[in-house]
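The block underneath contains the structure these notes are about, expressed in C-alpha cells.
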Amino acid sequence: MLLLGCIKEVSDYELVISLPNGLSGFVPITQISDAYSKMLSKQVAQGELLEDLHSLSDMYSPGTLVRCVVTSVEKSADGRRSIKLSIDPKKVNKGLNASALASGMLLSGFVSSVEDHGYLIDIGVNGTHAFLPRQKAQNYIKAVKRGPDLKIGQNLNCVIVEVKNEGRVVRLSIDRSEVAASLATERQNWTLSNLLPGLVVKARVQKVAPLGIKVSFLSSFTGIVDFMHMDPEKSMNYSPDQVMKACILSVHPTSKVVRLTLRQAFLHPGGSPNQLSNDRMGAVVEDSTVKAFYKQFGAVFELDDGTLAFARLKHLSKTRKSFKPGAFKTGCKHKCRIIDYSLMDEMCIVSLKYQIIEARFLQYQDIHTGDVVQGKVFALKPLGMQVKVTDGIKGLVPSMHLADVILKQPEKKYNIGDEVRCRVLECSPAGRKLILTLKKSLVQSKLPVLSNYEDAKPGLITHGFVVCAREFGCIVKFYNDVKGLVPKNELSPEPISCPDKVFHEGQVVKVMVLKCEPQQERLLLSFRLSSKPAPEDKKECTPKKKQEVKYQIGEMVDVKVLKKKDNGLEVSVLEDEGNVIALIPTVHLSDFVANCKLLWHCLQEGDVLPRVMCLSDKGEHIILSRKSAVISAVQEEQVVRSFSEIQPGMLLTGYVRNVMPFGVFVEFPFGVTGLAPKVSMSDKFVTDTKDHFVVGQTVIAKVMSIDEEKQRVLLNLKVSECSSGDSAAESFALLNQYFKEVKEIRNLLRRRGEPSMAQGLCELVPGEELQLVMQGVKEDGSALFSGSCVKGLTVTATCYHLGDKNIVPGDKTKALVLHVDALTSKVYVSLREELLKQRAKQVCVQCLDLCVS
C-alpha cells in the first residue's frame, strides 16, 4: 500500500512517520535508498566512518512529507501492531516504467551521486538515468540550509522537466516554486497501477455523505475524502459537481481504493502540515466541546484554543460497557488530555479516559532520571526485561539490574504481566530510550540522585553500583552513565588485597565523593564514609565538648528540636541550657506507626517537646522516647530492670526491635529483649512476619518461658493472650491517645500556615459527611472521587465501601469519611447506606439535644 506520510521523529537508525488517521509507521535506516544502503555496508565492512555518509538527522527533519510503501505489519510483544515502511524509490515508484514518464510528473527521488554539474537522482525506474542540474537545485539548497550541497540518500520532490530517448534519460527540477505549482493531469498518462500519493489533482464532487465525500479526478478515477480530511472551514458547504484541488493520500494495491485530502497544507507539493506547540502536548483541557460524533470511529472536539481534536472510540470511556453515546451529542463538554498529534490529519489526538488524564507520564519527555515509575513486565530477553510504563513508553531493565544480586533464572522470579516498581537510570527522549533498575537498594534509596558530574560535590554521599572490581580498586556507576573510581586505599579502613574477591559486578554500594573534575568527567570516590573529616566551615557546628551530664532511664525532660535527620530528630535538653544533645528516633515519636511519620514531617527546628523520657544514656548517645504506653509502664513500675526479674506470665510493654522470618524480637525499657516465635505472633495464621509487625511498633507481650542458662526469653504477642482483663477499656484508652496525637498534628499543620491542601486535611475528620463527584473506577474495583471540599486530595472508596450503589463517573453522591492519611494526602470514604444512616441518626440526636437545652 502506498501512503503519503510526514516525518514525526528522526533517530539514529529510523524515521518515525505520521500516517493518515492518527497512525504511525517506521522507516528503518536500510529502507532509504540503494545508494545509501551501499554506503552503510561499506562503512561497516571498513570499520571506519565515511566522509560522504551523513546521518539521518543531517538529511531529514520533522514536518517533511514523504511517499512511503508498507513493507510489513508486525505484532509486538505487548500485542500492538507496528507498521514497517520504506521510502526507497524502487519500491515507491515500482508501478512506473521508462515509457510512462512524461514532462510535469511529480516523483520521489534520492540523490545517488554528486557530480560537477549536478546530481544523479535515483527515481527507482529501471533503465532510466535521471539528472538534476546544479542550477535547478540552488534555490532549494539555500532554503533548507543544510550545507552547500545535496547529500547522498537525501529525499527530494522532483518535477520532470524533459524526457529524452523514450524515457531512458530525464532532466529534473527541485525548484520549490515549480514543485509547488505541479498538478497531475490526464496528459501525463497516470494509471491506477502507477498512481502516486502526494500528487495534487483537480477533483469533482460526486456525492456528499456524513462520513465524507466521493470525488472523481483525472477523468476516469474515483476516490474518497473522509471526514478528517475535509477542509474544516468548508466541511459543511460541499455540493455535487463542485470542482476543487485535492491531494492523493493513499492508494490500496488490491482494492484500488484511493483516498484524498482537501486540507490546505497538502494542496501545494513540498509544503509542510501545521505542527502542535510543545507546551500543548500532554495538556489537560477542562472543557472541550463535541463538534461531531461518529459511532464507528470516535468524536471530533473543539479545544479551548479553537483547534480541533479527535478521540478514538476506545478513548471515549474506560470500557465499551461504560460507554454512553448520549454523552457525545453536539455541544456537550468533556474533560480530556492531549495524548498525541497527527501531522497528517493536522489534529490533536485526545483521550477522555480518567487513568490517562491523571497519568503521571505520557511521553518520554515527562520522565526524568531518578524518577520511580510503575510498569508491567511484557517481555523477558537475554539482554534483560522489557517493561511497559504506559502504552507509549517502554523501558529496559538490563540483566544486571533485575535484583540486588545477579539472577541466573529471572523467569522464576518474574512473569509476563507482573507489576514492578523501577527507578530510572537513564532516559533519552530523542532516542526513545529508557533504562531502568529493579535493585531495591536503589529504588528505595533516600540519598541524592547523582546524574551529572557537576552535582558531584566533595562530601556528597549517595548510592551507586559496582561495574568493575580490579586490582586498582572499583569503578562505580550512577545515573546517566556517570561513573567514578574508588581507589584501593579507599575501599575499607582495613587493607583489601583482592578487591574482586570482596566486591562483585552489580553490587549496590554507598559512596562518598572525594574529588570531581566535571570537564574531564573524572570522579574520585571512597567507601570509607566515616573516616573523612568534616569540612572546615562546618566543624564549628558540632558539639565541642563531650557531654558529661548523665540521665537515668525513665527521667522526664523537655527538649527543643535542633535538626531533622533521616532516622529521627536531633534535640537539645532544655534543663541543661541546650548543652546536651540527644536523639528521638522517628519510631519513638509515638506508639502509633502512622503518627510517627506524620510527627516527623510536621515538627520543625525550634519546636519544643515537653515530657520526653530518657530511654538509654550511653555516653554521647542519649536516646529519648515519646511513646505514651512505654512511659506509663516505666512510671507505674510495670517493667523489669534485669533478666533476673522476669517471671513467666508477666505482661510487659515494649517495642519491636527486629522482624525476622522466624519471629519478632521485642525490646523493653532497661534493655531486656525477648523473642516472639512465628506461632506466637498473632491469633491469625502468619505467612510473612513482615505483614504483621514493623520495627518500632509498640506492643504488649506476655512472657511464655525463660531460659536462665542461655539468657533467653520467649514471648507471646497474640491479642487474645495479652489483655489484662478489661480489653474494652484498654482499646478506648488507645483510641483516645491516638486521636489526641492526631489533634496535635492538626494543630501543628494549622500553626505553620501550610498550603491549602494541608489545611483541607486538617478540617476533615472521620465520621464527617461529604458531597462528592465520582471520577472513575480503578482496576481493583475501588473508586476515585473529587469535590470542592477535597480539592487537591486523593479521595477513594474500596469496592466493599461502594456498597450496592451503581454509580458512574460524573454522578454526585454522599460519602462518609473513614480515615484521613495526612502523610499521603489520601482520604478514605464509604458510600454504604448503613453507615450514612447511622451518621444521620447521630446528627438528629445532636439536634434534639440542642433543642432540649
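Cβ coordinates come from backbone N, Cα and C, glycine included.
For reference, TrEMBL has these:
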type	residues	note
DOMAIN	1-88	domain 'S1 motif'
DOMAIN	104-175	domain 'S1 motif'
DOMAIN	198-263	domain 'S1 motif'
DOMAIN	282-353	domain 'S1 motif'
DOMAIN	370-439	domain 'S1 motif'
DOMAIN	459-528	domain 'S1 motif'
DOMAIN	554-627	domain 'S1 motif'
DOMAIN	649-718	domain 'S1 motif'
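Touching of the domain 'S1 motif' (1-88) and the domain 'S1 motif' (370-439) is concluded from the presence of at least three CB pairs under 8 A, sequence neighbours closer than 6 excluded. Summarising model confidence by region, the domain 'S1 motif' (198-263) averages a pLDDT of 87.
Ranking 198-263, 282-353, 459-528, 554-627 by CB pairs under 8 A with the domain 'S1 motif' (370-439) puts 459-528 at the top. Across the range of the domain 'S1 motif' (282-353), the DSSP-based residue counts are 7 helix, 36 strand, 29 coil. Across the domain 'S1 motif' (459-528), the DSSP tally of helix, strand and coil residues reads 13 helix, 35 strand, 22 coil.
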